[in-house]
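What follows is a short report on a single structure.
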Amino acid sequence: MGFLMDGLDAEDYDRTYNDRDLLRRIMSYFRPKLGAMVLVASMIVLGSAAQAVIPTLGSLAVDAIADGTIGEVGWLLAAGILATGVLSWGLNYVRQKNSAKVTGDVVLRLREDAFDAVLARDLSFYDETPSGRIVSRVTSDTDDFATVSTLTMDLISQVLMVGFVTALLFARSVELALLTLLVVPVVVGLALLFRRLARLSTRRAQRSLSRVNANLQETMGGIAVAKNFRQEQQVYDEFRPINQQSYQVTLRQGFVFSAIFPVLFLVAGLATVVLVQLGGAHVVAGGLSAGDWYLFLQGVSLFWFPLTSIAAFWSQFQQGLSASERVFALIDAPPRVVQSDAQPAGRLAGRIEFQGVTFGYDPAQPVLRSFDLVIEAGESVALVGHTGAGKSTLSKLITRFYEFQDGRLLIDGRDIRTLELGSYRRQIGAVPQAPFLFSGTVADNIRYPRPDATDEEVLAAASAVGGGDWIDALPGGLETDVGEHGRALSMGQRQLVALARLLIQDPAIVVLDEATASVDPLTEAQIQEGLDVVLAGRTSIVIAHRLSTIEHVDRIIVLDHGQIVEEGDHATLLAKGGRYCQVYNTYFRHQSPNYRAGAGFVPVSSG
Ligand SMILES: Nc1ncnc2c1ncn2[C@@H]1O[C@H](COP(=O)(O)OP(=O)(O)OP(=O)(O)O)[C@@H](O)[C@H]1O
């Protein structure tokens, strides 16, 4: 479907649905609401008929005035108009109430489905998709979709009403009815022109607003740096023209929108003038009653509003449909990680074996080629290598966040693809470089993997990490509020919380990306002690950044361009004078307690 995708870059998972599939999909959301929709439809038919009755009664009144019988029927007609008005209001109320409920319920379900789909996505999805875009699909796109259903109901009621009025007019005078219909192409033409202008100015206004938002977001993100360098004035100077531009563009949009209605009123006014003149002449000549003449004059005003909204309808309708297409694409995005079976992982020993694994984020550019590696159960392995060597990639495959293209990955001898992912991931403790803490207390965060853990278990886990001294340094102990993203805690404290959290999870395999940010020596020692406790008896894969780690692990694996170029323990590798020594000289040498600038290089043999 060639929908408008104005200014929106398509995502990888975007797809185009054909009209039938899209409509069927939309209908599946409305089907459970069939009863309410039938009610709304009947209210629409009755309401439109009632609206057409009022001018008809008015025309009868005018005829009665001309005949001189208004004295007898006047009160009856007035009562009829009042009753029809009340009825019309009542029908409209029932219709609006039910249609708002139908639309609200549909959006509720659509949003739940979209959010559910987002939660089910692989981590690769989050790496590739900016979070703002996901948010807008779940929120504003579902809202746009809601406008389709509201608009559809409005459209039907307006088409019906135009139909009723047209039938009435033709019944009275074919000639004048045709004349009245002449106004249709003029109004539709104007509305289409307006639509084009409105779309242009709206698009500009949206873009300028997003510039303002982007500028604000960047400013807030870097506010500490800006303040540090006392650049507030420069930040303000950058913001001002962008804000000015948004003001100008929005103002112009306002002008365009406010111009359309006077123009349409003018057209309706001109049509009325013509009808007054021609219709009046008819009445005088006796070809038409005064009441019919009145009905035609009413007909013009009854016509123009529905006609303009029908003409303006399509662009919004298309926008709503393309929004629904985007939401469905999000819901239907195929998972990259595909399991061939769902065997419960059970308690794992933790043996990991890569057998000829080939993987690339883009399959055309493999990061790992026929990669082989065995990590025994309970073994601790440090991955080292220059940036981009493939260390994180290995950990992402073990955590099954990405799908590899070739080879096999065995866990305790079982193909990783045959395991039920939920139970497998419970056996994997992944700690990122900057541990993420959720709002709440330290205890809440430690308890996160197992909400039913008792206070005693949480305290025991926290105390086991680094001797527990760090808890005393927290103002409220374990009940300290960690703030948004854990901002109220130091980097070191956040890492300690993450380690205690691992103890509560009790995984068989730990994948740890060591923090590069340096912490004070005391915290460093606490983290090291914490690691010793947490990693004991588990298979651990550490993307190592600290000297103390590489000195302690069972095996160091040196990676380069996705290949293992050396492996062994620290002392052996140092003595060898190979690739490890280069990495050591670059990343670890300066962390030695005996470090002096320019000294301590390990000789690297040229071979
Ligand atoms: N999400 C991604 N999409 C595309 N390419 C990626 C992605 N993540 C990593 N890469 C690429 O894969 C290669 C290996 O990256 P990886 O992150 O595994 O390296 P690393 O050794 O962990 O580096 P670092 O120490 O800097 O984290 C690099 O060339 C990198 O550019």
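Glycine is treated like the rest: Cβ placed from N, Cα and C.
What TrEMBL records for 38-319 is domain 'ABC transmembrane type-1'.
For 352-586, the entry in TrEMBL reads domain 'ABC transporter'.
Positions annotated as transmembrane segment by TrEMBL: 34-54 (among others).
What TrEMBL records for 74-94 (among others) is transmembrane segment.
Tertiary proximity for the transmembrane segment (145-170) is limited to same-chain residues at least six positions away from its ends with a CB under 8 Å from its CB atoms, namely 26, 30, 40-41, 44-45, 47-49, 51-52, 55-56, 95, 99, 102-104, 106-107, 110, 176-177, 180-181, 295-296, 299, 302-303, 305-307, 309-310, 313, 316-317, 319-321, 323-324, 327. The transmembrane segment annotation in TrEMBL covers 145-170 (among others).
Per TrEMBL, the feature transmembrane segment maps to 176-194 (among others).
Positions annotated as transmembrane segment by TrEMBL: 255-281 (among others). For the transmembrane segment (255-281), same-chain residues at least 6 beyond its ends with a Cβ under 8 Å from one of its own Cβ atoms are 176, 179-180, 182-183, 186-187, 190-191, 194, 197-198, 201, 288, 292-293, 296-297, 300-301, 304, 308.
The feature transmembrane segment is assigned by TrEMBL to 293-314 (among others).
Sequence-distant neighbours of the transmembrane segment (176-194) (same chain, 6+ residues past either end, Cβ-Cβ under 8 Å): 166, 169-170, 256, 260, 263-264, 267-268, 271, 274-275, 278-279, 282, 288, 292, 296, 299-300, 303-304, 307-308, 310-312.
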